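This report refers to the structure that appears directly beneath it.
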Amino acid sequence: MTDVVPTTALSEIQLRLLCHDDIDRIKVLCGEWFPIEYPDSWYHDITSNKKFFSLAATFRGGIVGMIVAEIKSRTKVHKEDGDILASSFPVDTQVAYILSLGVVKEFRKHGIGSLLLDSLKEHISTTAQDHCKAIYLHVLTTNNTAIHFYENRDFKQHHYLPYYYSIRGVLKDGFTYVLYINGGHPPWTIFDYIHHIGSALASLSPCSIPQRIYRQAQNLLRSFLPWSGISSKSGIEYSRTM
C-alpha cells in the first residue's frame, strides 16, 4: 500500500463485506495491528459465519480497514462483562461486541475508523433495531490511541480487567468500554437510586408525598433485598461462549 494518501481518501473509500478470499490479506493486517495471534478458525469464522458483521473499507480495491462485530443476546455475554446492562432488561435484549476494528497506519486520521463504526451502528439499527442496548469492546490498558478513539465517540470505561490478555506468554491488563444506545444503561448504584428518589420527590404535590415515598422506598428495598418477602425478579446466569 502506498505511503502517499490523498487528503480526499475518505471520498474514495468503498465498503463491502469480508469474504473467504480476504483471509490472507486480513491475516497480514491483524498481524500489524494487534499483538494477539488469532487461530485460522477465527479468520474462517469472521469471513463465512453470518453471525458476524464483518465489513471491509477498501481504497482502490485494497483493504485499508475493517470492523468485525457480533450482535448477540445479553445472556451470551462473558462473565466478566455480565453487568453491562441492568438486570431489569429482558433476557432477549441484545448487545453488540466489537471483536476487531483497525485501519492501515497510512490511512489513519482520515475518518475511516469512524466510518466503520458508524456503519456498525447503522447495521444495528436495521437488524436489531431498538432491541440492542449497548456496544462494547475490550482494549489493552496501554493502547492509548484506541482508548482515545473510543472515548472521543462517547464510549465509557466500564471495567478494569487485570491480566485479561496473554500476549506472547505475558499477562496484560485490559479495559471494557461500552457505548449505551436505545435507552440501555448499566445497573444502578446507590447514588443513582438516591438521585432518582430525590428527583421524584421534587416533582410531587404535598398531598401525594406519603404514598409516593412508600412506593419509592418499597422499590428501593426490593432492589437491595431480593431475599425479602417483597417479590423480585430472579437473576440471570451468564455463560461464556465464543
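Here the Cβ of each residue, glycine as well, is placed from N, Cα and C on the backbone.
What you are looking at is a predicted structure, and each value in this text was computed from that prediction instead of being measured.
Over in Swiss-Prot, the protein carries these features:
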type: ACT_SITE; residues: TYR97; note: active site
type: ACT_SITE; residues: HIS138; note: active site
type: BINDING; residues: TYR38, LEU99, TYR165; note: substrate binding site
type: BINDING; residues: LEU101, GLY102, VAL103, LYS109, HIS110, GLY111, ILE112, GLY113, SER114, ASN143, TYR150, GLU151, ASN152, ARG153; note: acetyl-CoA binding site
type: DOMAIN; residues: 13-182; note: domain 'N-acetyltransferase'
type: INTRAMEM; residues: 193-236; note: intramembrane segment
type: REGION; residues: 162-173; note: region 'Required for homodimerization'
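In sequence order, HIS138 are the recorded positions from TYR38, VAL103, HIS110, HIS138, ASN152 with a C-alpha within 10 Å of the C-alpha of TYR97 (active site). Secondary structure of the region 'Required for homodimerization' (162-173) per DSSP (helix as H, G, I; strand as E, B; remaining residues coil): 0 helix, 10 strand, 2 coil.
Counting every protein chain shown, 23 other Cβ atoms lie within 10 Å of the Cβ of VAL103 (acetyl-CoA binding site). Across the structure, ILE112 (acetyl-CoA binding site) and LEU99 (substrate binding site) place their CA atoms 17 angstrom apart.
Each of the recorded positions TYR38, TYR97, TYR150, TYR165 was ranked by the number of other C-beta atoms within 10 Å, and first place falls to TYR150. Largest Cα-Cα distance over the residues recorded as binding substrate, namely TYR38, LEU99, TYR165, equals 14 Å.
Cβ-based crowding with a 10 Å cutoff singles out SER114 as the top-ranked of the binding-site residues SER114, ASN152. For the recorded positions listed here (HIS110, HIS138), the lowest count of other CB atoms within 10 A around the CB belongs to HIS138. In the shown protein chains, 23 other C-beta atoms lie within 10 A of the C-beta of ILE112 (acetyl-CoA binding site).
Summary for the binding-site residues LEU99, LEU101: the Cβ-based neighbour count within 10 Å is maximal at LEU101. DSSP classifies SER114 (acetyl-CoA binding site) as helix under the three-state reduction.
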